[in-house]
Amino acid sequence: QLFKKKKMKAGALVLGHASKTTKSGVNRGMSILDLFIRIIAIIATLGSVIAMGTTNETLPFFTQFVRFKAKYNDLPTFTFFVVANAIVSAYLVLSLGLSIYHIMRSHAQATRIALIFFDAAMLGLLTAGASASAAIVYLAHKGNRKTNWFPICQQYDSFCHRTSGSLVGSFAGVVLIILLVFLSAIALSRQSLNH
């Protein structure tokens, strides 16, 4: 009977160790996914910065003296958009170090909490920049008859295409950062359940 009890304890220890190993493997897998999503978010936000920052179109007219130009920095909203996306891109590059650290140490808690905090702050900044710019791009495409704002996209076709494309990248970044916050929150909740 004593032998049976010892055998049961040993079996429980083996099962406990196996479940801890499995949970550690799941956390490591989530950390690898976190790293992958961060890299894609860097590409999306950096692409938005480049697309908007290089947006510049001059309309061809009959005379050399009268030319109409459209540049992103003519509108403060687009300037804010470029700055917001650049800040988020830089942050995401810096956060790669912590993401790699979480792959090696899947039970780290304090750094995950810090990542959730900063990810949420960057999410707010990116959403503000993308939303404000989306309103301007919408006006450029559709105009507003009540306020006599005419759509300019028939004339500035290239300008509008580039600004619209940069918005797609920025909103993709917003979705990816939301996923990052969820991943970190799930990893933390799993760790708290284990303890």
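Yeah, the Cβs are placed from backbone N, Cα and C, and that goes for glycine too.
No curator has checked TrEMBL annotations; they are predicted automatically.
According to TrEMBL, the protein has these features:
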DOMAIN    28-176  domain 'Casparian strip membrane protein'
TRANSMEM  35-55  transmembrane segment
TRANSMEM  75-101  transmembrane segment
TRANSMEM  113-140  transmembrane segment
TRANSMEM  167-188  transmembrane segment
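Listed as Cβ neighbours of the transmembrane segment (113-140) (distance under 8 Å, sequence separation of 6 or more from its ends, same chain) are residues 45, 52, 75, 77-78, 80-81, 83-85, 87-88, 91-92, 95, 98-99, 149, 151-153, 156, 159-160, 163-164, 166-167, 170-171, 173-174, 177-178, 180-181, 184-185, 188.
Residues 70-72, 78, 81-82, 85-86, 88-89, 92-93, 95-96, 99-100, 103, 126, 133, 159, 162-163, 165-167, 169-170, 172-173, 176-177, 179-180, 183 of the same chain sit 6 or more residues outside the transmembrane segment (35-55) yet have a Cβ under 8 Å from a Cβ within it.
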